[in-house]
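Trainee: This is the feature table in TrEMBL:
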REGION    A:1-32  region 'Disordered'
COMPBIAS  A:7-24  compositional bias 'Low complexity'
TRANSMEM  A:44-66  transmembrane segment
DOMAIN    A:102-320  domain 'ABC transmembrane type-1'
TRANSMEM  A:106-127  transmembrane segment
TRANSMEM  A:148-176  transmembrane segment
TRANSMEM  A:188-212  transmembrane segment
TRANSMEM  A:233-255  transmembrane segment
TRANSMEM  A:299-319  transmembrane segment
Amino acid sequence: MKRTAGEKSAAGGAAGGKTVTGKAAGEGGGRAGRVGRLRPETRWAYVFLLPWLIGLVLFQAGPMLASLVLSFTDYDLIGAPEFAGTANYARMMEDPKVARAIGNTVLYTLLHVPLAIILALALALVLNRITGRAAGVFRTIFYLPSMTPYVAVGVLFLFLLNGQAGVVNAFLGLFGIEGPQWTTDPDWILMGIVLMSLWNLGSTTIILFAALRNVPRELTEAAMIDGAGPWQRFRAVTLPMISSALFFVVIINTISSLQMFDQVYTMFFGNQIAQQSYGDAALFYVIYLFQQAFQFLHMGYASALAWVLFIVIAIITLIQVRVGNRMVYYEAEEHAG
Amino acid sequence: MMAVEPITSAVRPETARPAQGAAPDPAGRGTGKVFFLTVLAAASVIFLYPFVWLVVASLKPRDRTFSDPFLPWPVPFRPENYVAVWDAAPMLTWLVNTVVVGVAAALAVTLSSAFVAFGFAYFRFPGRGIIFGSVLATMMLPAAVTLVPTFLIWNAAGLTGTQVPLWAGNLFGSAFYIFLLRQFLLGVPRYVFEAARVDGASYFDLFWRIALPLSRPALIIAFIFELKASWFDLMKPLIYLQDPALYTLPRGLKAVVDQFYQGGDPKWEIVLAASVVTTLPLIVIFFLGQRYFVQGIATTGRR
């Protein structure tokens, strides 16, 4: 247990627990002597924390470090891992499929996140203008797509987006528009995926709707009395008041977009015919990682891919902390005792 | 701790407060409301129609799958598709597997997270801030990073090819639920616990007899979210299961679509009926536990 606690302070220190760090920081020397005579209550506390500490070492921190080590090796499950230096990272730089996967994933994220949030905010704003039961009913309807397993979503949109006879193109046809081959034309596959992703706005809408409901009514009313129009009230009162929720949904949508897998894998991968005919138009980063790891058993290369993804997501999280603390309006928030 | 400030602020209990900020514009109440209702109704049609199409198409013969795309009932009506789907694929086995794995995953994560959360909420001890920091830090850890080593662990344990890796990782608690349950337990007045201590209750009693029953709503949220997550999971079954008899529904549906969507002999009606079978139980669970879902999303921001 002593060992885990030590590892923890290394891992957790970076994440920055500011509550008790004061106590923990200065005690480097004293700790060894103290463990022997922990207060009984402290010992009990660690009993309750034990599952977490074991899981942390076994399934979080341990695997993270292991994948860092593996990323510098060649490992195919059969022989022992062989040290390969930075070869995997060098290979990433030259692998055209990595470039394609990053391009697709970034483009998808840049399209999905703003569109999803603008649409969800619009829905939440409209929901906030009606009262009572109706709002709850609509909220339920908007959330239903999010209860559909991603594999089923992928299957469903394979049919809906069918270029010859799908509902989407039939709808476009009503307006005399000849819809593209969403699921087979490499130039349109990514757009089809974005369209599919916009069906799942439920949780973003619910978070923004909850934030809107917390905007104190006095504020909007005061602004109205001061002669502010609807747009000014939105810009000057509502938007700042929901900025933390807005910022939060931007971050979680970005992070989950970068890890897109299920729907796209269902539609375009794992099936020989599909995989050949669409080229790499639907190749997302995590799909490529998955293929490298579990189809080609390139465990070292897959680990390098995983660590690059981890660093990108860590940077995004860091930006969240930095920019978020500066730009977002928070109310005072204090829990620790 | 800073790392999650946006979460904590989305989390604040007030989100559950009764509707109060919903300020209808007094100026344009009548016409405004009609307009807003119309917009919402139009949006509802867009969100619901894919479900309607799915169910209708699954009840039609194969050569009519794509016919009459806007007709909201099946012509001709062919409910036999739902008999055929059980023969074409072991749907019932997959359904049972999904329920078993889902309940195991949800129970494991709920109980272990509550156990750990009680440790964080009740005790004061050196290192608490740092260890809680580790909980928050893992929330940011993308699952893809640990994919390979986690596989190697289960492989070394000889458990690949079984359903164990699909749920056993949940025995050690999960950051989101620990966070949620700790927040919840911090709201319990301390004297409730102290009084029981004075009466001679052990710490396990405090957890089992007081903390668990009091955090029931949060436990239900954790349970149904994890059940949903398990029901959605495609990647773990893809990695760990080879034997179709062990598949869960998403993995099974993936096999069905690979086999029957394209190729020489497409059976679209089977693919569609299998999709409905995969989705319907979750929709039912959603309606049963709806308020917990809404609360859970508003408080944890989980999807």
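Each Cβ is built from the backbone N, Cα and C atoms, and glycine gets one as well.
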Trainee: Between the transmembrane segment (A:188-212) and the stretches A:44-66, A:106-127, A:233-255, A:299-319, work out which stretch tops the count of Cβ pairs under 8 Å.
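Mentor: It is A:106-127 that shares the most Cβ pairs under 8 Å with the transmembrane segment (A:188-212).
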Trainee: I need to check the long-range neighbours of the transmembrane segment (A:106-127): which residues 6 or more away from its ends have a CB within less than 8 Å of a CB in the stretch?
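Mentor: 135, 138-139, 142, 190-191, 193-194, 197-198, 201, 204-205, 208-209, 211-212, 234, 246, 249-250, 253-254, 257-258, 260, 284.
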Trainee: Any residues 6+ beyond the ends of the transmembrane segment (A:233-255) with a Cβ under 8 Å from its own?
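Mentor: Cβ under 8 Å, 6 or more out: 109, 112-113, 116-117, 120-121, 125, 204, 207-208, 210-212, 214-216, 219-220, 223-224, 313, 316-317, 320, 323-324, 327-330.
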